[in-house]
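Following: one structure in structure tokens, then a few remarks.
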Amino acid sequence: MSATIIDGFAVAAGLREKIAADAAALKASHGVTPGLAVVLVGEDPASAVYVRNKLKATAECGLKSLEFKLPAETPEAEVLALVERLNADPAVHGILVQLPLPKQIDADKVLGLIHPDKDVDGFHPLNAGRLSVGLPGFVPCTPRGSQILIDGVTSDLSGKHAVVIGRSNIVGKPMAQLLLQKNATVTIAHSRTKDLPAVCRTADVLVAAVGRPLMVKGDWIKPGAIVIDVGINRIEVDGKGKIVGDVDFDSAVEVAGAITPVPRGVGPMTIACLMLNTLDSARRAVGAS
Ligand SMILES: NC(=O)C1=CN([C@@H]2O[C@H](COP(=O)(O)OP(=O)(O)OC[C@H]3O[C@@H](n4cnc5c(N)ncnc54)[C@H](OP(=O)(O)O)[C@@H]3O)[C@@H](O)[C@H]2O)C=CC1
Ligand SMILES: Nc1nc(=O)c2c([nH]1)NC[C@@H]1CN(c3ccc(C(=O)N[C@@H](CCC(=O)O)C(=O)O)cc3)C=[N+]21
């Protein structure tokens, strides 16, 4: 049996179309174009792909994007000053500071300074707290996009066992919160988890957000499970760069019920959800939501 391959690229394209229509309607009713400011400090090759795809998506959705590329040695105070300026700019509805940041910059300080109403990444502690207590707020884009893909293949997660591998604030923890809201029984695994393959084998839904290329093998997967591969890892194959996930797709596809590929799985959904969060932010700013 071979799994259903979840086409994140197609789902994301559909979402972007809807966002474009809604953004055009907001422009017609309130004269507002949602604006997203992206701050990139230094040159990180993975970030560069992300920034490029984001720019394409904002244009396609009719959103305005402002790009701030700062040199790697930029002092922390300068980044903080830029965030304050963007906080005060009414044309900016969303602020994204690309991670990772160079080591002289305290990421928590920067993320904590972004106004929670413009925090389209959902990384501000206030939005993380809102998610954990079930209040409305910005939900981080990757978990939000992953949840949409999961909802596309199952309508009822109630009582299902979901295992999330990874406990980062940007993927693992918020993903676990979303699955909990859907009444799944949630396990969060991490680098100290004992016998990870055995834990994974009990999962009806398995989300891998680890950053280890091809770590999850087919024999870690419960037959018929939904497998969401968040990992974006660059590896060399025959001297050529290639992007692979945290899941060994070739063996996993034989066991899973449904699985996301890498690329064209979760990645495009992250970007579409960023557009969605920016649109939501602009709507809220003008009282249109
Ligand atoms: N598709 C997309 O849109 C996005 C993809 N990504 C990708 O997702 C992956 C995860 O990103 P992120 O959450 O930021 O990564 P982090 O490095 O912040 O977190 C990785 C997590 O994996 C755990 N871990 C590491 N090694 C193991 C292991 N051998 N067994 C079990 N758990 C392990 C860590 O455990 P511990 O806490 O104990 O250290 C940690 O909780 C990366 O590949 C990243 O590139 C990220 C964002 C968006
Ligand atoms: N503040 C912040 N927010 C983030 O959400 C954030 C970040 N920093 N830093 C880096 C990671 C990584 N990330 C990706 C998103 C989309 C793709 C993506 O579009 N991937 C496509 C294309 C991959 C390709 O072909 O190169 C795909 O998987 O199909 C990749 C990576 C967001 N992140």
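Positions of Cβ are set from backbone N, Cα and C atoms, glycine also.
Per TrEMBL, the feature NADP(+) binding site maps to Gly166, Arg167, Ser168, Ile232. DSSP classifies Gly166 (NADP(+) binding site) as coil under the three-state reduction.
The feature domain 'Tetrahydrofolate dehydrogenase/cyclohydrolase catalytic' is assigned by TrEMBL to 6-121. Taking H, G and I as helix, E and B as strand and the rest as coil, DSSP gives the domain 'Tetrahydrofolate dehydrogenase/cyclohydrolase catalytic' (6-121) the counts 63 helix, 18 strand, 35 coil.
Per TrEMBL, domain 'Tetrahydrofolate dehydrogenase/cyclohydrolase NAD(P)-binding' is recorded for 140-284.
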_Please compute the mean pLDDT of the model over the domain 'Tetrahydrofolate dehydrogenase/cyclohydrolase NAD(P)-binding' (140-284)._
97
*Let me know how many other Cβ atoms fall within 10 Å of the Cβ of Ile232 (NADP(+) binding site).*
22
*Between any two of Gly166, Arg167, Ser168, Ile232, the residues recorded as binding NADP(+), what is the biggest Cα to Cα distance in Å?*
16
